[in-house]
Amino acid sequence: MSNTYGSIFRITTFGESHGTAVGVIVDGCPAGLPITIEEIQAALDRRRPGQSKITTPRDEKDQVQILSGIFNGQTQGTPIALAVFNKDQASHDYTHIEKAYRPSHADYTYTAKYGSRDHRGGGRSSARETLARVAAGVLAQKFLALQGIQITSYVSQVGSIYAPADYTQLDLSQVDNTIVRCPHPETAQAMIQLIEETRDKLDTVGGVVSCVIKGVPAGLGEPVFDKLHAELGKAMLSINAVKGFEYGSGFEGVSMYGSQHNDVFYTDEDGQVKTRTNHSGGIQGGISNGQDIYFKVAFKPVATILQPQSSIDQSGQEITLQGKGRHDPCVLPRAVPIVDAMAALVLADFVLRQRANKVD
Ligand SMILES: Cc1cc2nc3c(=O)[nH]c(=O)nc-3n(C[C@H](O)[C@H](O)[C@H](O)COP(=O)(O)O)c2cc1C
Ligand SMILES: C=C(O[C@@H]1CC(C(=O)O)=C[C@@H](OP(=O)(O)O)[C@H]1O)C(=O)O
């Protein structure tokens, strides 16, 4: 199983949901980047389970430990190792899936691939692994901030309730004002209510995280296979429960004519190249054009529902499986920092690749 992401700024994650620890090794992070443990912790606090009444009640504090690579508040250019020790596993809740497959989780596919699996809390397939990405993403976000690049993600849809405006009309400083992380206050309240109702019905509900990246200079990306949007898409689709990725005008663009869809160039009063519209989502030919990059990520209603469902066991026998354990009725609020982190890892890597690309 490949657990490594990135080309120059690379991460490798390790750990299982009910094992000893989950963590990350970051290679290729430049030396001299100022970073504190509090900054890493703050990002983990946004992702941690048990953070509000609408997330899984598994109460992990996710206290991060820096094992290597950071000294005197700065990265050293050496491998950075960050780890969180699991404290609140409750593995006894998972004996029912030791030899049975939850519909639409990864129990069957892991067994098909490896012949065995750590069934405790889904083992490696649990989204607990994403804490490692979030920890690494803090380093990438700090590095990008030095280049003037800012990433903001927010929940734009839960079930069929969506924010009635796009990112250009929302106050993105409000994302963390509500527990659901939608910056439109009325919509946020409706989303919270829907998640609570869904949880009380022992069901789950999906939604959309929208992301905007500002301050990206023109010229980042690669022209053929590692196109900037292709790498963003891969990064997003590697997040648990993600079912869709679209950037710029996405699927809606197909109903427009070229004359409507084309982003017309102009030069502003400072001599900067700009476009009057941004249907391209800030990327043309796999390379950033200096406009905002924006995209959407669709998350499914997650698999574990706390009600009986029909399934099969390892011998192929039909069974009734009663959902157990502590689960998210909706992953969207916790997915926001994961999307931030994965976007940052992609962008940081392309900034570093660009430094190797030109003489000056
Ligand atoms: C933040 C987050 C929390 C999640 N929590 C749960 C959960 O509590 N229960 C569950 O069944 N799946 C949960 N998932 C989704 C599973 O990890 C995922 O569906 C599973 O690994 C199968 O992979 P796939 O859905 O991508 O095919 C969560 C995903 C994310 C991103
Ligand atoms: C523990 C976390 O979320 C978990 C994600 C998850 C899943 O199947 O993805 C299932 C639940 O936990 P467990 O692995 O114990 O079944 C969630 O609580 C976390 O994100 O840190």
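Positions of Cβ are set from backbone N, Cα and C atoms, glycine also.
Quantities reported herein were computed from a predicted structural model and do not represent experimental measurements.
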Inquiry  = Starting from the FMN binding annotation in TrEMBL that includes R124, S125, S126, N240, A241, G285, K300, P301, V302, A303, T304, which of R276, R326 is the extra site residue?
reply    = R326
Remark   = R124 (FMN binding site) falls, by DSSP collapsed to helix, strand or coil, into helix
Inquiry  = Cβ under 6 Å from an atom of ligand 1: which of these binding-site residues qualify? The list is R47, K53, A241, V302, T304.
reply    = A241, V302, T304
Message = For ligand 2, list the binding-site residues among R47, K53, R124, S126, A241, V302 whose CB atom is within a distance below 6 Å of it, in sequence order.
response = S126
Key: C-alpha spacing of S126 (FMN binding site) relative to R47 (NADP(+) binding site), in angstrom   = 14
Note = Spacing of the two Cα atoms, K53 (NADP(+) binding site) and T304 (FMN binding site), in whole angstrom, works out to 17
